[in-house]
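Asker: I have a structure here, written as C-alpha cells, and I will follow up with some questions on it.
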Amino acid sequence: MQKKFEDCVKTMLEIIGENPNREGLIKTPNRVFKTYEFLTSGYTQNVKEILNDALFESSNNEMVLVRDIEFYSLCEHHLLPFFGRAHVAYIPNKKVVGLSKIPRLVEVFARRLQIQEQLTEQIAQALMENVDAKGVGVVIEARHMCVEMRGVQKANSTTTTSALRGIFLKNEKTREEFFSLINSAKQVRF
C-alpha cells in the first residue's frame, strides 16, 4: 500500500510539471505518505476503548466543560487542512470520564477526512453513547484552508458549528450556561 501511495505522489509531481527525482523532491513521496498516515490515524483508533477505560463512578451531576481543545483535520473535499478549537461539555449520569479522554476523542475524529459539521456531530454522539451522559454540547470554531487558500480566498474567516444532545438540546438554561461558559472563558487566560 505504501508503494502505491508513493507512486501516486510521484505521478502527481510529474503532472504539475515537477521532477520527482530532483534533490528536494526525491524523498517527498515517502514524507507525504508518513504525513497522511499520521493525519488519518483516527481510522485505526477505537472510541469505546479510549473512553471505557476511563469511566469513573461519581455523584457529580453538574456540567463538565473542556474548552479550547486545539485540533487540526483534513477537509474531505480538497484534502486541505482545517484547524481550530473544540469546546466539549457533558452532564454526567453517575459516571464521569477522565478529562484527558475528551481531547483524545476530538483527536480520533479530527484525524480522519472530515467536514466540520460531521466532526462536531461525531464527537457529540460518541460522548453521549459511550459515557451515557444526561446531555452533551459541542462547539467547534475553525479556519478552513480550502476557503482561505483557494476558491473565495477569504483569509481569517471562521466557521462555527454546534451539536447538542439530551438536556443541552431540551433545556434552555443548560444550553445558555454552556454557551455562556464558552464565551466568558475567552476573556480569561492563565
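Placed from the backbone N, Cα and C atoms, the Cβ positions cover glycine too.
Positions annotated as Zn(2+) binding site by Swiss-Prot: C75, H78, C146.
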Asker: List the residues in the vicinity of the Zn(2+) site, defined as same-chain residues other than C75, H78, C146 with C-beta within 8 angstroms of the site's C-beta centre.
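Answerer: For the Zn(2+) site, the extra neighbours are L74, E76, H77, L79, L80, F82, H144, M145, V147, R150.
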Asker: Taking the Cβ of H78 (Zn(2+) binding site) as the centre, count every other Cβ atom within 10 Å, in any protein chain shown.
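Answerer: Other Cβ atoms found within 10 Å: 15.
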Asker: Taking the Cβ of C75 (Zn(2+) binding site) as centre, how many other Cβ atoms lie within 10 Å?
Answerer: 17
Asker: Using DSSP with the three-state reduction, classify H78 (Zn(2+) binding site) as helix, strand or coil.
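Answerer: DSSP call for H78 (Zn(2+) binding site): coil, neither helix nor strand.
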Asker: Report, as a single number, how many Cβ atoms besides its own are within 10 Å of the Cβ of C146 (Zn(2+) binding site).
Answerer: 17
